[in-house]
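Marked as ATP binding site by Swiss-Prot on the basis of sequence analysis: 13, 14, 15, 16, 17, 18, 19, 20, 39, 128. What Swiss-Prot lists as disulfide bond is 104-200, and the listing cites sequence analysis. Sequence annotations record features per position, and here Swiss-Prot assigns active site, nucleophile to 104. Residues or ranges marked as site 'Interaction with tRNA' by Swiss-Prot on the basis of sequence analysis: 129, 340. Residues annotated as active site, cysteine persulfide intermediate in Swiss-Prot, with sequence analysis given as evidence: 200.
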């Protein structure tokens, strides 16, 4: 297990899922003083059919009872709405596709929760993320999780050094089947609970239905790059680059994909074929840079992920100014999407990254 300097008092973020449950059980088994915290980060729909917050809190309490630890329920809903959800809506309004889970980690789980835990006298917080941490010459390095199918370092790239120093990831060296086996061995009620999917505050509800509650929609044309109308979209914010499903374009030939959004004309630009050149990018510009180490990485060669679970892509990092950098890829990358995060790696070390603003293709048109 990766720890800080001999922490004794650890507060675990218990989400009601199997990963955080096993995290708490392992730490208790290893002799640490462990407490749990269930974070209530969403309130708007906590009585509707799609919201799992109540069940998740019941599961977290049941896990704490079996393990034999205390648990607090702490409400961060106001902070979440201000720091995460407002940004989520702002980005969709601008035609981009944000990743709120990245911001939730940086602003809620490793800021609000960390501040709360320190205020309660904790030395360290622990979460069920599949990531690792190593301390080398006093520097805390964020590394990919051993289970490459579950590695979540991509979602943690905005953590600062002071946050990493206070965090541990007990599952980082385990694979998911082993975590399930341990949950059954500990007789935890979450052992067979399915993993959560989608954005945390949306849950299993239809995305379009959810977003329409908060943002106005405006139907428009689906057009080819040559300007031919081939269909109608139901609102640009409901589509993301590279999307194939749900376009409703008939006819023969290869499948259609979203290639760009023209915000001025309210048009969705679509192309036929997965290998259409407009879907491929050789470079991107990212801003709002954030790095996990005390010094930002030097310009040079690294690998990058522009979306979760993609294979690392070799690239060249070039700084444009203090807050902006360009990445130039060795090979064209498919469906690089503004609003998503570009995350840099040096081998297994997660260095940080930024928010994708533009690419060498006109994917968000605002002229």
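Using N, Cα and C of the backbone, Cβ positions are placed for all residues, glycine too.
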Note: in the chain of residue 17 (ATP binding site), residues six or more apart in sequence with C-beta under 8 angstroms of its C-beta are 56, 59, 128, 190, 193, 195, 196
Cβ-Cβ distance under 8 Å to residue 340 (site 'Interaction with tRNA'), same chain, at least six residues away
97, 98, 99, 306, 307, 355, 356
Just the number: how many Å between the Cα atoms of residue 129 (site 'Interaction with tRNA') and residue 19 (ATP binding site)?
7
Per DSSP, residue 19 (ATP binding site) is which: helix, strand or coil?
helix
Distance from residue 104 (disulfide bond) back to residue 39 (ATP binding site), taken between C-alpha atoms, in Å:
11
Where does residue 39 (ATP binding site) sit in the DSSP three-state scheme?
strand
In terms of DSSP three-state secondary structure, what is the assignment for residue 340 (site 'Interaction with tRNA')?
coil
Length of the line joining the Cα atoms of residue 19 (ATP binding site) and residue 104 (disulfide bond), in Å
17
